[in-house]
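This report refers to the structure that appears directly beneath it.
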Amino acid sequence: MSTGADIKATVGDIPNDGNLNMAQEECSGKGFCSIRHGLAFILQLCNFSICTQQMNLSIAIPAMVNNTAPPSEPNASAEWLSTDSQDYWNETLKQFKAMAPAYDWSPEIQGIILSSLNYGSFLAPIPSGYVAGIFGAKYVVGAGLFISSVLTLFIPLAANAGVALLIVLRIVQGIAQVTVLTGQYSIWVKWAPPLERSQLTTIAGSGSMLGSFVVLLVGGLLSQTIGWPYVFYIFGGIGCACCLLWFPLIYDDPVNHPFISAGEKRYIVCSLAQQDCSPGWSLPIRAMIKSLPLWAILVSYFCEYWLFYTIMAYTPTYISSVLQANLRDSGILSALPFVVGCICIILGGLLADFLLSRKILRLITIRKLFTAIGVLFPSVILVCLPWVRSSHSMTMTFLVLSSAISSFCESGALVNFLDVAPRYTGFLKGLLQVFAHIAGAISPTVAGFFINQDSEFGWRNVFLLSAAVNISGLAFYLIFGRADVQDWAKEQTVTHL
(Lines of atoms letter the chains of each structure in order from A and count residues from 1; the text may use other names and numbers.)
(Lines give C-alpha, C1' and ligand atoms only; values in the text may rest on other atoms or scores of the structure.)
Protein backbone atom coordinates (compact mmCIF):
# COMPACT_ATOMS: atom_id res chain seq x y z
CA MET A 1 0.00 0.00 0.00
CA SER A 2 1.07 3.59 -0.57
CA THR A 3 2.16 5.52 2.46
CA GLY A 4 1.43 9.13 3.24
CA ALA A 5 5.03 9.99 2.41
CA ASP A 6 4.71 8.30 -0.96
CA ILE A 7 1.63 10.28 -1.80
CA LYS A 8 3.25 13.53 -0.76
CA ALA A 9 6.23 12.80 -2.98
CA THR A 10 3.96 11.84 -5.83
CA VAL A 11 1.90 14.99 -5.85
CA GLY A 12 4.93 17.17 -5.50
CA ASP A 13 3.78 18.78 -2.28
CA ILE A 14 6.54 20.99 -0.89
CA PRO A 15 5.60 21.99 2.65
CA ASN A 16 7.23 24.85 4.50
CA ASP A 17 8.60 26.30 1.27
CA GLY A 18 8.26 30.07 1.23
CA ASN A 19 8.39 30.45 -2.52
CA LEU A 20 5.73 27.83 -3.13
CA ASN A 21 3.40 29.18 -0.45
CA MET A 22 3.77 32.73 -1.71
CA ALA A 23 3.21 31.71 -5.32
CA GLN A 24 0.25 29.55 -4.37
CA GLU A 25 -1.39 32.45 -2.57
CA GLU A 26 -0.83 34.69 -5.59
CA CYS A 27 -2.31 32.14 -8.00
CA SER A 28 -5.20 30.92 -5.88
CA GLY A 29 -6.98 34.23 -6.22
CA LYS A 30 -6.94 34.05 -10.01
CA GLY A 31 -8.95 30.84 -10.17
CA PHE A 32 -10.16 30.14 -13.70
CA CYS A 33 -8.46 33.32 -14.98
CA SER A 34 -4.98 31.77 -14.76
CA ILE A 35 -2.99 30.84 -17.84
CA ARG A 36 -3.10 27.13 -16.97
CA HIS A 37 -6.90 27.22 -16.79
CA GLY A 38 -6.98 29.16 -20.06
CA LEU A 39 -4.94 26.35 -21.58
CA ALA A 40 -7.49 23.86 -20.23
CA PHE A 41 -10.36 25.76 -21.87
CA ILE A 42 -8.50 25.91 -25.20
CA LEU A 43 -7.98 22.15 -24.96
CA GLN A 44 -11.68 21.83 -24.17
CA LEU A 45 -12.45 23.62 -27.43
CA CYS A 46 -9.99 21.34 -29.26
CA ASN A 47 -11.68 18.24 -27.84
CA PHE A 48 -15.06 19.73 -28.73
CA SER A 49 -13.91 20.19 -32.33
CA ILE A 50 -12.39 16.71 -32.62
CA CYS A 51 -15.49 15.05 -31.17
CA THR A 52 -17.84 16.86 -33.55
CA GLN A 53 -15.58 15.91 -36.45
CA GLN A 54 -15.64 12.28 -35.31
CA MET A 55 -19.44 12.15 -35.16
CA ASN A 56 -20.54 14.49 -37.96
CA LEU A 57 -20.55 11.85 -40.70
CA SER A 58 -22.64 9.52 -38.53
CA ILE A 59 -25.17 12.33 -38.18
CA ALA A 60 -25.11 13.43 -41.82
CA ILE A 61 -25.04 10.07 -43.59
CA PRO A 62 -28.83 9.47 -43.39
CA ALA A 63 -29.29 12.68 -45.38
CA MET A 64 -26.44 11.77 -47.74
CA VAL A 65 -28.15 8.50 -48.75
CA ASN A 66 -31.73 9.56 -48.14
CA ASN A 67 -32.56 9.68 -51.88
CA THR A 68 -30.79 7.60 -54.48
CA ALA A 69 -32.12 9.81 -57.28
CA PRO A 70 -30.16 12.95 -58.19
CA PRO A 71 -31.58 16.05 -56.51
CA SER A 72 -32.16 17.76 -59.84
CA GLU A 73 -34.96 15.41 -60.88
CA PRO A 74 -38.30 17.19 -61.40
CA ASN A 75 -40.26 15.02 -59.00
CA ALA A 76 -38.08 15.78 -56.02
CA SER A 77 -37.99 19.49 -56.81
CA ALA A 78 -41.70 19.81 -57.45
CA GLU A 79 -42.55 17.97 -54.25
CA TRP A 80 -40.41 20.34 -52.22
CA LEU A 81 -41.85 23.47 -53.85
CA SER A 82 -45.42 22.35 -53.26
CA THR A 83 -44.72 22.11 -49.56
CA ASP A 84 -43.19 25.51 -48.75
CA SER A 85 -43.57 27.68 -51.84
CA GLN A 86 -45.10 30.58 -49.88
CA ASP A 87 -42.26 31.03 -47.46
CA TYR A 88 -39.20 32.95 -48.66
CA TRP A 89 -36.96 31.52 -45.92
CA ASN A 90 -37.94 27.99 -46.76
CA GLU A 91 -37.34 28.75 -50.44
CA THR A 92 -33.83 29.87 -49.55
CA LEU A 93 -33.25 26.71 -47.55
CA LYS A 94 -34.50 24.71 -50.50
CA GLN A 95 -31.86 26.28 -52.72
CA PHE A 96 -29.20 25.27 -50.20
CA LYS A 97 -30.48 21.71 -50.06
CA ALA A 98 -30.70 21.44 -53.84
CA MET A 99 -26.92 21.73 -53.96
CA ALA A 100 -26.50 18.77 -51.57
CA PRO A 101 -26.16 15.57 -53.61
CA ALA A 102 -27.45 12.18 -52.50
CA TYR A 103 -25.57 8.93 -53.00
CA ASP A 104 -26.61 5.38 -53.71
CA TRP A 105 -24.49 3.73 -51.02
CA SER A 106 -25.43 0.27 -49.80
CA PRO A 107 -25.49 -0.42 -46.05
CA GLU A 108 -22.23 -2.34 -46.42
CA ILE A 109 -20.51 0.66 -48.04
CA GLN A 110 -21.91 2.97 -45.39
CA GLY A 111 -20.50 0.71 -42.69
CA ILE A 112 -17.05 0.73 -44.30
CA ILE A 113 -17.09 4.52 -44.64
CA LEU A 114 -18.15 5.02 -41.02
CA SER A 115 -15.66 2.52 -39.61
CA SER A 116 -12.75 3.79 -41.76
CA LEU A 117 -12.17 6.55 -39.22
CA ASN A 118 -10.96 3.87 -36.79
CA TYR A 119 -8.69 1.94 -39.15
CA GLY A 120 -5.63 3.79 -37.92
CA SER A 121 -6.78 4.03 -34.32
CA PHE A 122 -4.98 0.87 -33.22
CA LEU A 123 -1.63 1.89 -34.72
CA ALA A 124 -1.46 5.64 -34.16
CA PRO A 125 -1.98 6.22 -30.38
CA ILE A 126 1.30 4.80 -29.09
CA PRO A 127 3.60 6.49 -31.66
CA SER A 128 1.77 9.81 -31.41
CA GLY A 129 1.85 9.74 -27.61
CA TYR A 130 5.54 8.87 -27.62
CA VAL A 131 6.41 11.64 -30.09
CA ALA A 132 4.35 14.20 -28.15
CA GLY A 133 6.13 13.19 -24.95
CA ILE A 134 9.57 13.65 -26.51
CA PHE A 135 9.10 16.70 -28.73
CA GLY A 136 6.21 18.43 -26.97
CA ALA A 137 2.48 18.47 -27.58
CA LYS A 138 2.16 21.95 -29.10
CA TYR A 139 3.04 21.06 -32.69
CA VAL A 140 1.96 17.40 -32.56
CA VAL A 141 -1.53 18.22 -31.27
CA GLY A 142 -1.78 21.42 -33.31
CA ALA A 143 -0.86 19.64 -36.54
CA GLY A 144 -3.37 16.87 -35.81
CA LEU A 145 -6.15 19.39 -35.15
CA PHE A 146 -5.35 21.39 -38.29
CA ILE A 147 -5.19 18.32 -40.55
CA SER A 148 -8.43 16.88 -39.17
CA SER A 149 -10.25 20.22 -39.52
CA VAL A 150 -9.09 20.85 -43.08
CA LEU A 151 -9.97 17.31 -44.14
CA THR A 152 -13.43 17.78 -42.61
CA LEU A 153 -13.98 20.70 -44.98
CA PHE A 154 -13.07 18.47 -47.94
CA ILE A 155 -15.39 15.57 -47.06
CA PRO A 156 -18.21 16.79 -49.38
CA LEU A 157 -15.74 17.04 -52.29
CA ALA A 158 -14.30 13.63 -51.48
CA ALA A 159 -17.78 12.11 -51.39
CA ASN A 160 -18.43 13.51 -54.86
CA ALA A 161 -15.12 12.15 -56.14
CA GLY A 162 -15.87 8.62 -55.02
CA VAL A 163 -16.06 6.21 -52.12
CA ALA A 164 -12.40 5.20 -52.32
CA LEU A 165 -11.13 8.77 -51.86
CA LEU A 166 -13.59 9.36 -49.03
CA ILE A 167 -12.35 6.26 -47.20
CA VAL A 168 -8.70 7.30 -47.60
CA LEU A 169 -9.52 10.78 -46.34
CA ARG A 170 -11.32 9.33 -43.32
CA ILE A 171 -8.38 7.06 -42.47
CA VAL A 172 -5.94 9.99 -42.50
CA GLN A 173 -8.41 12.08 -40.53
CA GLY A 174 -8.76 9.36 -37.91
CA ILE A 175 -4.98 9.20 -37.42
CA ALA A 176 -4.83 12.99 -37.06
CA GLN A 177 -7.62 12.91 -34.46
CA VAL A 178 -5.81 10.24 -32.46
CA THR A 179 -2.73 12.46 -32.23
CA VAL A 180 -4.88 15.19 -30.66
CA LEU A 181 -6.63 12.93 -28.16
CA THR A 182 -3.41 11.17 -27.16
CA GLY A 183 -0.74 13.85 -27.35
CA GLN A 184 -2.57 16.51 -25.35
CA TYR A 185 -1.88 14.79 -22.02
CA SER A 186 1.84 15.48 -22.37
CA ILE A 187 1.05 19.15 -21.79
CA TRP A 188 -0.14 18.52 -18.24
CA VAL A 189 3.16 16.95 -17.22
CA LYS A 190 4.69 20.44 -17.00
CA TRP A 191 1.54 22.56 -16.63
CA ALA A 192 -0.67 20.85 -14.04
CA PRO A 193 0.19 21.34 -10.36
CA PRO A 194 -0.61 18.03 -8.63
CA LEU A 195 -3.27 19.68 -6.47
CA GLU A 196 -5.08 20.86 -9.62
CA ARG A 197 -4.43 17.91 -11.90
CA SER A 198 -7.95 16.50 -11.77
CA GLN A 199 -9.76 19.76 -12.47
CA LEU A 200 -7.47 20.77 -15.36
CA THR A 201 -7.70 17.42 -17.12
CA THR A 202 -11.47 17.17 -16.61
CA ILE A 203 -12.08 20.70 -17.91
CA ALA A 204 -10.16 19.78 -21.05
CA GLY A 205 -11.80 16.37 -21.36
CA SER A 206 -15.32 17.73 -20.92
CA GLY A 207 -15.06 19.17 -24.43
CA SER A 208 -15.69 15.71 -25.86
CA MET A 209 -18.98 15.38 -24.00
CA LEU A 210 -19.95 18.91 -25.01
CA GLY A 211 -19.14 18.12 -28.63
CA SER A 212 -21.29 14.99 -28.52
CA PHE A 213 -24.17 17.03 -27.12
CA VAL A 214 -23.94 19.78 -29.74
CA VAL A 215 -23.51 17.54 -32.78
CA LEU A 216 -26.41 15.31 -31.72
CA LEU A 217 -28.54 18.35 -31.08
CA VAL A 218 -27.90 20.38 -34.23
CA GLY A 219 -26.33 17.96 -36.72
CA GLY A 220 -29.61 16.50 -37.90
CA LEU A 221 -31.24 19.92 -37.96
CA LEU A 222 -28.48 21.30 -40.19
CA SER A 223 -28.80 18.35 -42.55
CA GLN A 224 -32.55 18.82 -42.86
CA THR A 225 -32.48 22.59 -43.32
CA ILE A 226 -29.44 23.95 -45.15
CA GLY A 227 -28.06 20.62 -46.34
CA TRP A 228 -25.65 17.98 -45.08
CA PRO A 229 -22.44 19.58 -46.52
CA TYR A 230 -22.78 22.42 -44.02
CA VAL A 231 -22.42 19.97 -41.15
CA PHE A 232 -18.83 19.49 -42.31
CA TYR A 233 -18.23 23.12 -43.26
CA ILE A 234 -19.39 24.47 -39.89
CA PHE A 235 -17.60 22.00 -37.62
CA GLY A 236 -14.50 21.95 -39.81
CA GLY A 237 -14.45 25.74 -39.69
CA ILE A 238 -14.70 25.69 -35.90
CA GLY A 239 -11.65 23.41 -35.80
CA CYS A 240 -9.67 25.75 -38.07
CA ALA A 241 -10.62 28.71 -35.87
CA CYS A 242 -9.42 26.73 -32.85
CA CYS A 243 -6.02 26.38 -34.54
CA LEU A 244 -5.77 30.18 -34.59
CA LEU A 245 -5.94 30.07 -30.79
CA TRP A 246 -3.78 27.01 -30.37
CA PHE A 247 -0.52 27.93 -32.06
CA PRO A 248 0.00 31.44 -30.62
CA LEU A 249 -1.28 30.71 -27.09
CA ILE A 250 -0.13 27.16 -26.28
CA TYR A 251 3.37 26.44 -24.99
CA ASP A 252 4.75 23.11 -23.82
CA ASP A 253 6.45 24.63 -20.78
CA PRO A 254 5.19 27.47 -18.53
CA VAL A 255 8.75 28.76 -18.31
CA ASN A 256 8.59 29.80 -21.98
CA HIS A 257 5.07 31.24 -22.01
CA PRO A 258 5.18 34.99 -22.78
CA PHE A 259 1.96 35.93 -20.97
CA ILE A 260 2.22 33.97 -17.72
CA SER A 261 2.74 35.91 -14.51
CA ALA A 262 5.86 35.39 -12.43
CA GLY A 263 3.77 34.16 -9.50
CA GLU A 264 1.91 31.52 -11.49
CA LYS A 265 5.12 30.38 -13.18
CA ARG A 266 6.85 30.05 -9.80
CA TYR A 267 3.89 28.15 -8.33
CA ILE A 268 3.78 25.60 -11.16
CA VAL A 269 7.54 25.06 -11.24
CA CYS A 270 7.83 24.74 -7.46
CA SER A 271 4.87 22.36 -7.17
CA LEU A 272 6.45 20.04 -9.74
CA ALA A 273 10.00 20.39 -8.40
CA GLN A 274 10.04 16.99 -6.66
CA GLN A 275 8.49 15.22 -9.64
CA ASP A 276 10.73 14.06 -12.49
CA CYS A 277 8.79 15.04 -15.60
CA SER A 278 11.55 14.96 -18.18
CA PRO A 279 10.75 12.34 -20.86
CA GLY A 280 13.25 9.75 -21.93
CA TRP A 281 13.91 8.27 -25.35
CA SER A 282 14.10 4.73 -23.96
CA LEU A 283 11.14 2.95 -22.38
CA PRO A 284 11.30 0.47 -19.45
CA ILE A 285 9.10 -2.03 -21.29
CA ARG A 286 9.96 -5.02 -19.09
CA ALA A 287 9.19 -3.11 -15.91
CA MET A 288 5.94 -1.81 -17.39
CA ILE A 289 4.81 -5.34 -18.27
CA LYS A 290 5.50 -6.49 -14.70
CA SER A 291 3.81 -3.45 -13.09
CA LEU A 292 0.49 -4.41 -11.49
CA PRO A 293 -0.48 -0.77 -10.82
CA LEU A 294 -0.13 -0.07 -14.55
CA TRP A 295 -2.13 -3.18 -15.42
CA ALA A 296 -4.80 -2.01 -12.98
CA ILE A 297 -5.18 1.20 -14.98
CA LEU A 298 -5.15 -0.66 -18.32
CA VAL A 299 -7.81 -3.14 -17.21
CA SER A 300 -9.90 -0.35 -15.74
CA TYR A 301 -9.65 1.62 -18.99
CA PHE A 302 -10.81 -1.37 -21.03
CA CYS A 303 -13.74 -2.15 -18.75
CA GLU A 304 -14.96 1.43 -18.36
CA TYR A 305 -14.74 2.11 -22.09
CA TRP A 306 -16.63 -1.12 -22.74
CA LEU A 307 -19.63 0.48 -21.07
CA PHE A 308 -18.92 3.90 -22.60
CA TYR A 309 -18.87 2.65 -26.19
CA THR A 310 -21.97 0.53 -25.62
CA ILE A 311 -23.88 3.57 -24.38
CA MET A 312 -22.43 5.78 -27.12
CA ALA A 313 -23.40 3.37 -29.88
CA TYR A 314 -26.81 2.25 -28.69
CA THR A 315 -28.38 5.11 -26.73
CA PRO A 316 -30.11 6.55 -29.85
CA THR A 317 -31.27 3.06 -30.85
CA TYR A 318 -32.57 2.32 -27.36
CA ILE A 319 -34.45 5.61 -27.20
CA SER A 320 -35.98 5.25 -30.65
CA SER A 321 -36.92 1.58 -30.30
CA VAL A 322 -37.96 1.40 -26.66
CA LEU A 323 -39.40 4.89 -26.24
CA GLN A 324 -40.71 4.98 -29.82
CA ALA A 325 -39.28 8.48 -30.32
CA ASN A 326 -39.03 10.01 -33.79
CA LEU A 327 -35.68 10.96 -35.36
CA ARG A 328 -35.69 14.57 -34.16
CA ASP A 329 -36.77 13.77 -30.60
CA SER A 330 -34.37 10.83 -30.47
CA GLY A 331 -31.45 13.14 -31.26
CA ILE A 332 -32.48 15.61 -28.57
CA LEU A 333 -33.03 12.92 -25.95
CA SER A 334 -29.76 11.19 -26.86
CA ALA A 335 -27.92 14.48 -26.33
CA LEU A 336 -29.20 15.03 -22.78
CA PRO A 337 -26.88 12.53 -21.01
CA PHE A 338 -23.85 14.10 -22.69
CA VAL A 339 -24.50 17.67 -21.58
CA VAL A 340 -25.14 16.52 -18.01
CA GLY A 341 -21.99 14.38 -18.17
CA CYS A 342 -19.99 17.40 -19.38
CA ILE A 343 -21.00 19.41 -16.33
CA CYS A 344 -20.42 16.55 -13.89
CA ILE A 345 -16.94 15.81 -15.26
CA ILE A 346 -15.82 19.33 -14.34
CA LEU A 347 -17.54 19.22 -10.94
CA GLY A 348 -15.93 15.85 -10.19
CA GLY A 349 -12.48 17.23 -10.97
CA LEU A 350 -13.03 20.24 -8.73
CA LEU A 351 -14.24 18.01 -5.91
CA ALA A 352 -11.27 15.64 -6.24
CA ASP A 353 -8.77 18.50 -6.07
CA PHE A 354 -10.62 20.06 -3.15
CA LEU A 355 -10.38 16.83 -1.14
CA LEU A 356 -6.69 16.55 -2.00
CA SER A 357 -5.72 20.17 -1.36
CA ARG A 358 -7.48 20.20 2.02
CA LYS A 359 -5.78 16.88 2.89
CA ILE A 360 -9.16 15.30 3.60
CA LEU A 361 -8.23 12.17 1.65
CA ARG A 362 -5.03 10.73 0.24
CA LEU A 363 -4.53 10.73 -3.51
CA ILE A 364 -4.91 6.96 -3.89
CA THR A 365 -8.08 7.05 -1.80
CA ILE A 366 -9.54 9.74 -4.05
CA ARG A 367 -8.69 7.82 -7.21
CA LYS A 368 -10.24 4.59 -5.93
CA LEU A 369 -13.28 6.27 -4.36
CA PHE A 370 -14.16 8.23 -7.49
CA THR A 371 -13.64 5.14 -9.65
CA ALA A 372 -15.89 3.06 -7.39
CA ILE A 373 -18.64 5.70 -7.49
CA GLY A 374 -18.31 6.08 -11.26
CA VAL A 375 -18.59 2.32 -11.81
CA LEU A 376 -20.96 0.90 -9.19
CA PHE A 377 -23.84 3.36 -9.38
CA PRO A 378 -24.09 3.50 -13.20
CA SER A 379 -23.86 -0.31 -13.35
CA VAL A 380 -26.76 -0.69 -10.94
CA ILE A 381 -28.77 1.96 -12.79
CA LEU A 382 -28.27 0.30 -16.18
CA VAL A 383 -29.16 -3.15 -14.83
CA CYS A 384 -32.45 -1.66 -13.58
CA LEU A 385 -33.11 0.17 -16.85
CA PRO A 386 -35.12 -2.60 -18.61
CA TRP A 387 -37.56 -2.72 -15.70
CA VAL A 388 -38.54 0.95 -16.07
CA ARG A 389 -38.92 0.94 -19.88
CA SER A 390 -42.65 1.51 -19.55
CA SER A 391 -41.97 4.98 -18.12
CA HIS A 392 -40.34 7.40 -20.56
CA SER A 393 -39.42 9.88 -17.84
CA MET A 394 -37.81 7.22 -15.64
CA THR A 395 -35.87 5.80 -18.57
CA MET A 396 -34.42 9.21 -19.45
CA THR A 397 -33.70 9.94 -15.78
CA PHE A 398 -31.77 6.68 -15.47
CA LEU A 399 -29.78 7.36 -18.65
CA VAL A 400 -28.89 10.88 -17.51
CA LEU A 401 -27.93 9.70 -14.01
CA SER A 402 -25.75 6.95 -15.47
CA SER A 403 -23.86 9.44 -17.63
CA ALA A 404 -23.53 11.95 -14.80
CA ILE A 405 -22.20 9.54 -12.19
CA SER A 406 -19.90 7.63 -14.56
CA SER A 407 -18.07 10.93 -15.22
CA PHE A 408 -16.47 10.56 -11.76
CA CYS A 409 -14.13 7.99 -13.31
CA GLU A 410 -12.43 10.87 -15.14
CA SER A 411 -11.02 11.94 -11.76
CA GLY A 412 -10.28 8.35 -10.78
CA ALA A 413 -8.62 5.55 -12.73
CA LEU A 414 -8.79 7.35 -16.07
CA VAL A 415 -6.31 10.03 -14.94
CA ASN A 416 -4.23 7.76 -12.68
CA PHE A 417 -1.51 7.24 -15.30
CA LEU A 418 -0.40 10.85 -14.71
CA ASP A 419 0.29 9.91 -11.09
CA VAL A 420 2.23 6.68 -11.51
CA ALA A 421 4.51 7.65 -14.42
CA PRO A 422 4.56 11.33 -15.39
CA ARG A 423 7.78 10.78 -17.39
CA TYR A 424 5.93 8.51 -19.82
CA THR A 425 2.55 10.24 -19.93
CA GLY A 426 2.37 10.46 -23.73
CA PHE A 427 3.33 6.84 -24.31
CA LEU A 428 1.02 5.51 -21.60
CA LYS A 429 -1.92 7.55 -22.86
CA GLY A 430 -1.37 6.04 -26.29
CA LEU A 431 -1.27 2.55 -24.79
CA LEU A 432 -4.46 3.25 -22.85
CA GLN A 433 -6.13 4.51 -26.02
CA VAL A 434 -5.37 1.18 -27.69
CA PHE A 435 -7.12 -0.67 -24.86
CA ALA A 436 -10.05 1.73 -25.13
CA HIS A 437 -10.28 1.17 -28.91
CA ILE A 438 -10.21 -2.59 -28.41
CA ALA A 439 -13.15 -2.26 -26.03
CA GLY A 440 -14.87 -0.02 -28.57
CA ALA A 441 -14.39 -2.60 -31.30
CA ILE A 442 -15.76 -5.50 -29.24
CA SER A 443 -18.56 -4.10 -27.08
CA PRO A 444 -20.93 -2.72 -29.76
CA THR A 445 -20.54 -5.96 -31.74
CA VAL A 446 -21.43 -8.07 -28.71
CA ALA A 447 -24.33 -5.77 -27.88
CA GLY A 448 -25.65 -6.04 -31.43
CA PHE A 449 -25.47 -9.83 -31.22
CA PHE A 450 -27.55 -9.91 -28.04
CA ILE A 451 -30.14 -7.48 -29.40
CA ASN A 452 -30.50 -9.42 -32.67
CA GLN A 453 -30.88 -12.71 -30.82
CA ASP A 454 -33.74 -11.52 -28.64
CA SER A 455 -35.25 -8.06 -29.01
CA GLU A 456 -37.08 -8.28 -25.68
CA PHE A 457 -34.37 -9.67 -23.40
CA GLY A 458 -31.42 -8.56 -25.51
CA TRP A 459 -31.20 -5.14 -23.88
CA ARG A 460 -31.25 -6.70 -20.43
CA ASN A 461 -28.37 -9.00 -21.37
CA VAL A 462 -26.41 -6.08 -22.84
CA PHE A 463 -26.72 -4.08 -19.62
CA LEU A 464 -25.97 -7.08 -17.41
CA LEU A 465 -22.81 -7.93 -19.35
CA SER A 466 -21.64 -4.29 -19.36
CA ALA A 467 -22.18 -4.07 -15.59
CA ALA A 468 -20.29 -7.34 -15.02
CA VAL A 469 -17.32 -6.21 -17.13
CA ASN A 470 -17.28 -2.81 -15.45
CA ILE A 471 -17.40 -4.20 -11.91
CA SER A 472 -14.70 -6.77 -12.70
CA GLY A 473 -12.40 -3.97 -13.82
CA LEU A 474 -13.20 -2.01 -10.67
CA ALA A 475 -12.31 -4.97 -8.43
CA PHE A 476 -8.93 -5.37 -10.16
CA TYR A 477 -8.22 -1.65 -9.83
CA LEU A 478 -9.18 -1.50 -6.14
CA ILE A 479 -6.78 -4.35 -5.38
CA PHE A 480 -3.75 -3.30 -7.43
CA GLY A 481 -4.21 0.42 -8.09
CA ARG A 482 -1.57 2.84 -6.75
CA ALA A 483 -1.02 6.60 -6.97
CA ASP A 484 2.70 6.95 -6.19
CA VAL A 485 5.34 7.30 -8.88
CA GLN A 486 6.54 3.80 -9.72
CA ASP A 487 10.19 2.87 -9.42
CA TRP A 488 10.47 2.17 -13.16
CA ALA A 489 9.25 5.73 -13.86
CA LYS A 490 12.00 7.35 -11.80
CA GLU A 491 15.06 8.47 -13.72
CA GLN A 492 17.63 7.05 -11.38
CA THR A 493 16.10 3.54 -11.36
CA VAL A 494 14.87 3.14 -14.94
CA THR A 495 15.90 -0.18 -16.50
CA HIS A 496 15.36 -0.25 -20.22
CA LEU A 497 14.45 -3.13 -22.48
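Count begins at 1; order follows the chain as displayed.
Each Cβ is built from the backbone N, Cα and C atoms, and glycine gets one as well.
Nobody curates TrEMBL annotations by hand; they come from automatic prediction.
Features reported for this protein in TrEMBL:
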DOMAIN    39-485  domain 'Major facilitator superfamily (MFS) profile'
TRANSMEM  200-222  transmembrane segment
TRANSMEM  228-251  transmembrane segment
TRANSMEM  292-312  transmembrane segment
TRANSMEM  332-357  transmembrane segment
TRANSMEM  369-388  transmembrane segment
TRANSMEM  394-418  transmembrane segment
TRANSMEM  430-451  transmembrane segment
TRANSMEM  457-480  transmembrane segment
At least three Cβ pairs under 8 Å linking the transmembrane segment (457-480) and the transmembrane segment (228-251), pairs spaced 6 or more in sequence?
no
Apart from its near flanks, which chain residues at least 6 from the ends of the transmembrane segment (394-418) lie with a Cβ under 8 angstroms of it?
185, 188-189, 192, 197-198, 201-202, 205, 209, 294, 296-297, 300-301, 304, 307-308, 311, 315, 319, 322-323, 333, 336-338, 340-341, 343-345, 348-349, 351-352, 366-375, 377-378, 381-382, 384-385, 388, 425, 428-429, 432, 477, 481, 483
Intrachain neighbours beyond the transmembrane segment (292-312), with Cβ under 8 angstroms and 6 or more residues off its ends:
212, 337, 371, 374-375, 378-379, 382, 402-403, 406, 409, 413-414, 416-417, 420-421, 428, 431-432, 435-436, 438-440, 442-444, 447, 462, 466-467, 469-470, 472-474, 476-477, 479-482, 486
Looking only at residues six or more beyond either end of the transmembrane segment (369-388), which have a C-beta under 8 A from one in the stretch?
300, 303-304, 307, 348, 352, 361, 394-395, 398-399, 401-403, 405-413, 459-460, 463-464, 466-467, 470-471, 473-474, 477-478, 481
